[in-house]
Amino acid sequence: MVVKVGINGFGRIGRIVLRNAIEHGDLEVVAVNDPFIDLDYMVYMFKYDSTHGRFKGSVEVKDGKLYINNKAIAVFGEKDPANIKWGEAGAEYVVESTGVFTTTEKAGVHLKGGAKKVVISAPSADAPMFVCGVNLDAYKPEYQIVSNASCTTNCLAPLAKVIHDNFTIIEGLMTTVHATTATQKTVDGPSHKDWRGGRGAAANIIPSSTGAAKAVGKVIPSLNGKLTGMSFRVPTSDVSVVDLVCRIEKGASYEEIKNVIKKASESPELKGILGYTEDAVVSTDFIGSTESSIFDAQAGIALNANFVKLVSWYDNEYGYSRRVCDLISYIAGVDAKAQ
């Protein structure tokens, strides 16, 4: 079953979701909306990427449409999502990747244009949140607007689930060492809500807040209130790493914990989502990785049998975008069975 998809917002995530959809095979992107990028510029932005390299395929403009690998994609330039003709383009599932329409009410406007479901590629204040490998079984066909959570929650939640299921997390603190994102400044500039966030991205390690750890409690209810965290923004273009420090109820050696994570990474539930490596890796080794979370066995450390630091890498662009595709594929399958 090929699922027909529309993308609203052709920024970092929008473009990389499109790349992943082409690789994924189960999804066909039939429409893209972005009021700030004209068609010729879309071709350029999709073809060339400073982080992920040139697109290995054909990209061209023909008859007012974007053609990728000789397949036509309708292009819209609407500022108001209510005016996007998703239905006419055949897009049933819409990826909301502008970062602007992240509530049920705002993202729900896409339904007016003929979309059946909307997947928000960001955390949402009120939409049901799903993390592949963690809580997809909680999805119900009546949900019209869902959130794919954040890239950091997608990295942390599968790891936390494995640890909690096997050793019971009493409490934990997470730090994500996070690559630069589009909202940051190239040089110092105004950022009234977050003064540190206004400092030059290339010149600084910038402490920042993140709701990613608390959000794990939304997808794993038994961890609600047991995790929180913060972020350091660092001057790299892509790939981030989660550092989870937690107290566990059931004591275990670091070797035992490693073995449990390795076994989980090979299970049908988490294969392709949770990775495992014992290599002496660094961040660029994970550019283009499609897993949500790659556990670094050599980097972690245990103080004793109940207090442990666990380290897991993620391509915050590519891995996250692959999960957006996986989530759409999953919910479309559930929806089809429910009809």
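Using N, Cα and C of the backbone, Cβ positions are placed for all residues, glycine too.
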- Query: Per Swiss-Prot, which one of Lys79, Lys85, Lys263, Lys271 shares the NAD(+) site with Arg12, Ile13, Asp34, Asn316?
  - Reply: Lys79
- Message: For the D-glyceraldehyde 3-phosphate site that Swiss-Prot describes with Ser150, Cys151, Thr152, Thr210, Gly211, Arg233, which of these is also annotated: Thr181, Thr186, Thr277?
- Response: Thr181
- Message: Give me the long-range Cβ neighbours of Ile13 (NAD(+) binding site): same chain, 6+ apart, Cβ under 8 Å, in sequence order.
- Response: Ser97, Ser121, Glu317, Tyr320, Ser321, Val324
- Task: Do me a favour and check the Cα-Cα span between Asp34 (NAD(+) binding site) and Gly211 (D-glyceraldehyde 3-phosphate binding site); whole Å is fine.
- Result: 27
- Message: Tell me which of the binding-site residues Arg12, Ser150, Thr152, Arg233 ends up closest to His178 (site 'Activates thiol group during catalysis') in space, Cα to Cα.
- Response: Arg233
- Query: In the same chain, which residues outside the set Ser150, Cys151, Thr152, Thr181, Thr210, Gly211, Arg233 have their CB within 8 A of the centroid of the CB atoms that define the D-glyceraldehyde 3-phosphate site?
  - Reply: Thr176, His178, Ala212, Ser231, Ser240, Asn316
- Least crowded of the recorded positions Arg12, Lys79, His178, counting other Cβ atoms within 10 Å of each Cβ, is Lys79
- Item | C-alpha spacing of Thr210 (D-glyceraldehyde 3-phosphate binding site) relative to Lys79 (NAD(+) binding site), in angstrom | 28
